[in-house]
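What Swiss-Prot lists as motif 'DDXXD motif' is 288-292, and the listing cites a curator's inference. Sequence annotations record features per position, and here Swiss-Prot assigns Mg(2+) 1 binding site to ASP307, ASP311. Taken from Swiss-Prot, the feature Mg(2+) 2 binding site covers ASP307, ASP311, and the record attributes it to similarity to another entry. What Swiss-Prot lists as Mg(2+) 3 binding site is ASP452, SER456, GLU460.
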Amino acid sequence: MASSQVGDMVNGNAEPTRHLAKFPPSLWGDRFTSFTLDKQLWDKYGNEIEVLKEQVRSMVVAGGRKAAEQINLINVLERLGVSYHFEKEIEEQLEQLFAKFEDNEDYDLFTIALHFRIFRQHGYKMSCDVFNKFRDSNGEFKETVSNDVQGMLSLYEATYLKIRGEGFLDEAHAFTIAQLESLVGGPHLSSDLSEQVMHALKQSIHRGFPRLEAKHFISFYEKDASRNETLLRLAKLDFNQLQLSHREELCHIFRWWKELDLISKVPYARDRAVECFFWSTCAYYEPQHSVGRAVLTKIMLLLSVTDDTYDAYGTYDELKLYTNAVQRWDVSAMDELPDYMKALYRALLNVYDEVERDLAKQGRDYGVHHSKEAFKEIVRSYEIEAEWFKEGYVASFEEYMKNALVTSTGRLHTTSCFMGLEADVATTEAFEWILTKPKMVAASGAIGRLVDDVMSHDEEQERGHVATGLDCYMKQHGVSKQEAIVELYKMIENAWRDINEEMLKPTAISMKLLIRVLNLSRISDVVYKYVDGYTHPEIIKDHVISLFEDPIPM
């Protein structure tokens, strides 16, 4: 997102030239200003949820079920969005299932691919060799595969768990997409199955926003003749109760942002309180992480305005002053800043003080220092891009990416996200791990940076913008824009492969932490899939309404 425009003072006193972005305004008005939680409805949902949870827990741990049936139950729980209630029981079951798995079982493609996806999602490195029996002597898929729509759909979803060196999964990905696309809307698919296929082709399970995907799956599962009514009821109640919590939290955040009144002082910036909360809810949606969602949202909002200050308003001289002030992190530095920057700087210091006080009450404020240092690092990199723009410099792609992996916010978002987790999960060692520049955090940052570079390129260049990764690659390699886009998407796919590999056991840190990095990567896939949905929030408006406003009919 970040780069810069500049404009030097003309004749000493004239207003400097500013390359204003004219970002779209907030969509929401006062829509989320007030919300009263219906405590009676909340309690009603909660009481029934507790009863159903115990029934489902008994189902998960019950013996006598075949392995294929058990893996399918786990899959349904995950896709319905209720597996977080049974994490311990599911992990115990998967450990046993993986240890006993035999690929010589007479499993069909759907079942094999389902095992592969679920095991990989939980860190178990199942080999691609399990798919060999579906290929002929020439290595091509057998004709029977093309006739198995459910099997192809299951394989398609499994291919998103690929790591580097797994060429078969690349082939399977291309094959299943081609086959499924040819079947959509045709006479061989029921309308319900066709709808599932179309949604899967638009948004894979592995890269989707977990809560949104759960809501989609609930609507599909409701039409499944083999559905389990207990699971369906639990999923609906759980979604609706959690939606009430999220809506109440969003109301608090929205009011806080309005009272802060920062946008009135920096009207050039994007006003995106709702979208930042949406982003934070992807990082962690579970009810116990309400503090984390608030912390992450507030820091993201400050970063967004800071980004726009460097990207679409501040002059180079002003930006140098602001960079120095952030490095000092002291209220006395405010005296050197222009008035509009004083408002932003004051908000930055105050919000971090507020966050530190809130986390100190729970004994987990030790991560705040790491978040501050990450913020300082990003601002330094923003200034580098401002200088590049001022000089008209087009960096080599390697030089660009070295700086872009900082401005991609991977370290800051990961650090700030970890601050909202339990102290026994987000330990001091976890924050020290981030400082080692781990491959997974770098990969997550690369995904966000490169997909944003592609999706926002034309608009940013039109108003005046530092050379993006797309520009740097085109110049260095002498290729067209379309050729460069193809290469950047190859890099994005490799970054996803790295994320998948880093989540295979044994992992460097707890899976409870790694899943947050994965979730931060997922939001890039959702928000920037077709256009920059953060800058143009109408693109994700339906997602926001679905997640925070529209309950599931009971």
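The backbone N, Cα and C atoms fix where each Cβ goes, glycine too.
Keep in mind that this is a model prediction, so the values were computed, not measured.
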If you count, for each of the binding-site residues ASP307, ASP311, ASP452, the other Cβ atoms lying within 10 Å of its Cβ, which residue has the minimum?
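Ranked by other Cβ atoms within 10 Å, the binding-site residues ASP307, ASP311, ASP452 bottom out at ASP307.
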Mean pLDDT over the motif 'DDXXD motif' (288-292): what is the value?
96
Distance check, please: Cα of ASP311 (Mg(2+) 1 binding site) against Cα of ASP452 (Mg(2+) 3 binding site), rounded to an integer number of angstrom.
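ASP311 (Mg(2+) 1 binding site) to ASP452 (Mg(2+) 3 binding site), Cα-Cα distance: 14 Å.
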Report the DSSP secondary-structure composition of the motif 'DDXXD motif' (288-292) as helix, strand and coil residue counts.
5 helix, 0 strand, 0 coil
Taking just the CA atoms, what is the gap between SER456 (Mg(2+) 3 binding site) and ASP307 (Mg(2+) 1 binding site) in Å?
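Here the two Cα atoms lie 14 Å apart.
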Within 10 Å of the Cβ of SER456 (Mg(2+) 3 binding site), how many other Cβ atoms can you find? Include all protein chains, please.
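I count 20 other Cβ atoms within 10 Å of it.
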Could you give the Cα-Cα distance between ASP307 (Mg(2+) 1 binding site) and ASP452 (Mg(2+) 3 binding site), in whole Å?
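Rounded to a whole number, the Cα-Cα distance is 14 Å.
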Through the lens of DSSP with three states only, how would you label ASP307 (Mg(2+) 1 binding site)?
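Going by the DSSP assignment, ASP307 (Mg(2+) 1 binding site) falls within a helical segment, counted as helix.
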